[in-house]
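If you check TrEMBL, you get these features:
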type	residues	note
DOMAIN	35-165	domain 'VTT'
TRANSMEM	14-32	transmembrane segment
TRANSMEM	39-59	transmembrane segment
TRANSMEM	115-133	transmembrane segment
TRANSMEM	145-165	transmembrane segment
TRANSMEM	177-199	transmembrane segment
């Protein structure tokens, strides 16, 4: 029996709504990134996916939710436009860990390869949350952005949901397994970030 009380707050409430709830969990994570998405996805895979047959549906639902959240940020970017968007980043970017220089770099990257930039953005922690905003600001075609975001979100969500489901089936203590997996991912993420900065500093 799946115990939804093991899920934190809002995620627990939404997860109880089935596939629609999973969609909303993923959308909310894009709008209010309070917890790392991989942590949420692992927990959902452990406690919400009832069996292996339901796993593809869970992947589809969360991918749709991630895409929906990004489309909302995209719409906000379109509404703000270039000048107001940069002013917003200057005033509030610190709350999103987004410096003006970084924002300009991201916005400029969309002038090279819009589809693949949007795909890759979905598999980079933190970047995947706010990348849709500059995509809207530079007004890349909506369908191209939506398709690329869906592909990238699928590549990001599926492994973590599957990992969570696999951990539950391993019969290891759920809390211990989830914590260990998340800590391991964070360590790998930090190592890669430090290595990337080191390489850039020597370039």
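Every residue number used here counts from 1 along the chain in the order it is shown.
Any Cβ shown, glycine's included, is placed from N, Cα and C.
Broken down with DSSP, the domain 'VTT' (35-165) shows 108 helix, 0 strand, 23 coil. Confidence across the domain 'VTT' (35-165), taken as the mean pLDDT and rounded to a whole number, stands at 85.
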